[in-house]
Each structure stands twice: as C-alpha cells, then as structure tokens.
Ligand SMILES: Nc1ncnc2c1ncn2[C@@H]1O[C@H](COP(=O)(O)OP(=O)(O)OP(=O)(O)O)[C@@H](O)[C@H]1O
C-alpha cells in the first residue's frame, strides 16, 4: 500500500442515525417516545422489540447540523479532495428529516445549513488552501429520479436520461448537464434552480413531501502542473424519497403510482444491500432500478460512503423507525474497495520513461565494468547471453552426435504436428465453449426478463386489487344510500297514503272508491274547494316518481359495478394464470440450463483427456489437478527434454485447466442465481 493510503483498499460504509424532534401530529398522538439512545452515542435500544441497533454514531434530537456534518460528511469531502469518490446519502421515512439533514432549512444560513452547502464550502476552502501548482476544475450536475425516469434538474427538457458504464468512467449518467462553477454562490444558485424544478406532491404525512430521489453530483478534477498528472474525485449527495408504507400516506391514483415506484426503487436498494452483505449471494441486482444503478459505485464499489438514516423517535411512527434502523444495520456490513482516480498524463509517462532509460544506461555501464573485471582476471565472458541454454546450477551440457540430432529433429517435427492438431482441437473446443457461454448468457437474460415480467405482473395485480377494493367500498356506499333512499321512499309512501286518507275523511261528497290523486285533480280542477291539499298530494306524487326513477338508476349503477367487480376478478385470474405461465417458463429455463451445464462438464472432460494424451512430459493427474503440479510430480528431466513442444502442451493444459475452473465458477454463479429465484 502506498504511504498515503491511495492504493485500493477496503472500507466499510459509515452509518449514522439521526433522530429529529417530535412534530405536532406526534405530540398530539400521545407524544410517547419509542427509542432510547445509549450513553456512548453509538447504539439505539427499542424496548418494544427488545433490540439494540449499533451504528458508527447516533445523533439525538438536539444534535446540531455542524455536529452531524463534522462526523458523517467531512471525512468524505477530504477524501474527494484527494481524488477518491465519495457519497453521502440520507434514508428514512417521509418527514423524518432527510432534507433537513442534507440541505437544511436555509442553505445560506451558517447555523442551519445542511450537509450539501457545508460540503460546497469545504470544497472551495480545500481549493483555496491547496498548493499553487495544483489546478482545479469543479463541475456540478443535479438530477432527480422520479417514477423510474432520470430528470435533469438543470435542464428539465432532458427528462429521461440513460445510465451508461465504461471502464474509464465507471457508471455514469449520459448527456447530463455538467456546469463548471467557480464559487460557492454559483452552486447555491444552481441548487435553488434545481429545487424549483423538482417534482413535489402532497401526501397526508407531509404536505411538502418530495416524491423523488434527488442526486447532487460534484466532480472535482485536479491537475498537478509539475508532473501533469490528473486526479478526479466524484461526489454524490443523495436525498432519497420517503420510505413510508403506501397505506399510511392515504395516496391514490397518480400519487399511488409514485408511491409504488418509490417503494420499488427503495426495495431494489434494499435488495442490493442484502446481496452485498449475504455471503451466499453471487449476483448483486444493481440493474433492478435506476436508483441502485446510479448508486452502484457507492454501494460495494469504488467510493467512500456515508449513510445517514433519519428517524422519528415517536411511538406513532415506531414501525417505520424500526424498519429504517434495520436498513441502516444491514448497510453497515457493506465493504467498498476505494482507490484514488489517478490518470497519468503524457508528460508524467515521459518523465517515468526518462528515469527508466537513465537506470538502464547506469546498469549497462556497471555490466561493462564487470566484464572488464572478468577479462582482467582471465575469465571468458559469454558473447551472446540471450542464446545461452538455461541449465540448473552445476549441470554440464552433454554433446549430442549427429544421429541423435536428426532423431530429435524428427521427434520435434512430429510433436509440432501433434501440437498443431491439438491447437486446432483446442480452438474448436474454445469455440464450442464460447457458444455454450453465449447460450448461458441468453438464458440469464431470459431469466432476468422473466423476473422483471413477474415483478410487473405482481405490481399490476396489486393495483387491480387496489382498484377492486376501491370499487367494493364504492358499492358498499351505494348500498347504504340505497337503503337510506328506500326508507325515505317508504316514509313518503306512508305520508302520502295518510294524506289521501285524511283528504277522503274531510271531503263529504267523495263517496266513491279511492282513486289516483292526479285523476281527481284533473276532474275537479276548477271547483274543488280543497285544491291546495290536492296540489300538495300531486307534488308528493311527483316526488315519489322522481325517487322511484332515482332508485332504479341506483339499482342499475349497482349492477354495473357488480359487472366491473366481476371483470376485475377475471383480470386478477388472468394475471394469476400469467404468473403461473411465467413460473413454468422459468422452470423450463432452469432445465435448459442444467442441460447446458452437463454439456459443459462433458466438454471440459473431453479437453482434459485430449490434453493428457498430447502431453509428452509423462505428466499425469486428473482434470481437477493443476497441470503444473502434475508436471512436477512427474519427471522434471522429462519436462526439460520435452523442450519447446512439451512446454507448449503443458502450457496449453494449464490454460485449459484455468478456463475450465473459470467456467465452472461462472456456471455455479448462474446456477445459484437460478436457485435463489
Ligand atoms: N433534526 C431536526 N431538527 C429540527 N427539525 C427537524 C429536524 N429534522 C427534521 N425537522 C423538521 O421536520 C420536518 C420534516 O423534515 P424534512 O422535510 O427534512 O423531512 P424529509 O425526510 O426530507 O421528508 P420527505 O421524505 O418528504 O422529503 C421539517 O419541518 C423539518 O424542519
């Protein structure tokens, strides 16, 4: 390791936990506290589950913004200024204090500013104090991930940016706006512009709650003007969307979709953390969401990472707090491998070359001196050292007569022929192996596609179920209304009959059977003395008719809803069938994979048998043994005699052995992935 710790080395993620003071709602809900912070400030005890969670540091409700920054984020910025990548991200339920911690209530208030503005100040402070021969370039990008789309907050027209990966840059967001900045104020202005463009929605828990993940990216490039070398440190500052349960937010429609996407990306992040901390897991599902992909380097990659989990101390939010504490505990087990992003410039390489040339000419001079010394002592100096045969110490070269030489030449020709055939066979075997590997890759892609389809189907199913529940509750409401209207109708009918009876009783001329009020109204319209009463009756009749029509409409609506519910049930049934179909496909893919594995094993065995046949050094050993150990177990002398040909065969065996080992490792990786499904 280099003296300044710049060589690649392992570092655990630093995890800090911060509790905010109780808010008004929590105080009204009893104001009870569900956690206790232990005296040393590194663990939290939750009495209801009798469990303690240990972190690098736990901040209580009175912790200041500066305390949190100094412990959780300052060491990261120091690393970035030395050319390391760095990440600080906040995770927690909605309204738990993520934005308060990352940005602060006022980014320009010295006391209240959060991690991001403090980092910006530290960067420019570091630049001001750096040596004169270091030149700095600072670039800023701000994006949000909203509903699985990456939006450029410095250019909102770019609303679906793609993620790319290459060897030089690692994982990066293509075509994102990168603006060069020269002062803190320029960055603060950009933050304000970015915030303005950020998607904001309202939920019951926090009316200004942000429903997207915010990622603030800073790239600091430093050029050493002496040796022209370049170091690039990338800083990711992430304010995640809230992690609360969908049901508790009371979200519906578009808000429900947002909440589902947030939960999906956060659970994908959780899956990445689980895979990184699970020794049995060989596959880390970074590609399952945009968020986990963007944070790939920060989790298990090349970055110094600090996670701040933010929690409510209130009993009202106990469940969410426990789930956040668990997330943090798991993340604490992740280990990243960090190294300085150092690029050698042409000038630096030239300088190195010059030094190397100087060392070579010094050595040449020394050799020349030694040769002169040998000659002066009467010892012959070999003329062409490159043609000298390598022999073990003390061995004397034996003269070879012409017949032997011809025989050897013949054997050599024969061996060369064999070697050529073996090389061709090896090529063919390699080609087959590559074909099998590409089939394996196809099977893997298919598996990934099926998994995604299954996840989508599951999501659809959830949303259909949600709609169905909504319809059922609507139906219930209509039923209640219907009962209420029926009662009203009954009462009206009764009062109508009472009125008719009382009319009949008070009209002495009306001796005939009771007839419909409307008929009577029309026949005695002009001279009836009880006209107002009749008018009232006819009015009641009209009301009754309207109510009857309304009643029928409600009955029709009710049956329409029943049909919709039945259709929803059918949809769910179809989705279930689709899921079963997908599971069957997956099983078939597994069987195919098993077959491929058997073919691979046969192929590897075949290659090994061929290799053993062709080896002339008399080496033995099974395919599971390293070829070199087989050679040394045989006669070392015979290996030497094999000369060029046998050495090549042994080398070829070594390569085949290595390839087959790698291949079985790859096979096991895929096989475990399939089993984990
Ligand atoms: N440590 C703290 N001290 C004082 N007030 C705090 C603290 N943390 C959070 N708050 C207050 O709690 C409220 C919610 O905080 P904040 O907006 O930061 O939550 P959030 O987790 O970012 O929510 P969202 O997920 O919606 O973005 C704010 O009014 C904030 O000022």
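Along the chain as shown, residues are numbered 1 onward.
Just so you know, glycine gets a Cβ as well, placed from its N, Cα and C.
Copied over from TrEMBL:
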- 12-334: domain 'Kinesin motor' (DOMAIN)
- 92, 93, 94, 95, 96, 97, 98, 99: ATP binding site (BINDING)
- 405-495: coiled coil (COILED)
- 503-533: region 'Disordered' (REGION)
- 523-533: compositional bias 'Basic and acidic residues' (COMPBIAS)
- 565-606: coiled coil (COILED)
Exercise. For the binding-site residues 93, 96, 98, which sit with their CB under 6 angstroms from an atom of ligand 1?
Worked result: 96, 98
Exercise. To which of the binding-site residues 96, 99 does the lowest count of other Cβ atoms within 10 Å belong?
Worked result: 99
Exercise. What average pLDDT is reported by the model for the domain 'Kinesin motor' (12-334)?
Worked result: 86
Exercise. Fewest other CB within 10 angstroms, which one of the binding-site residues 92, 97?
Worked result: 97
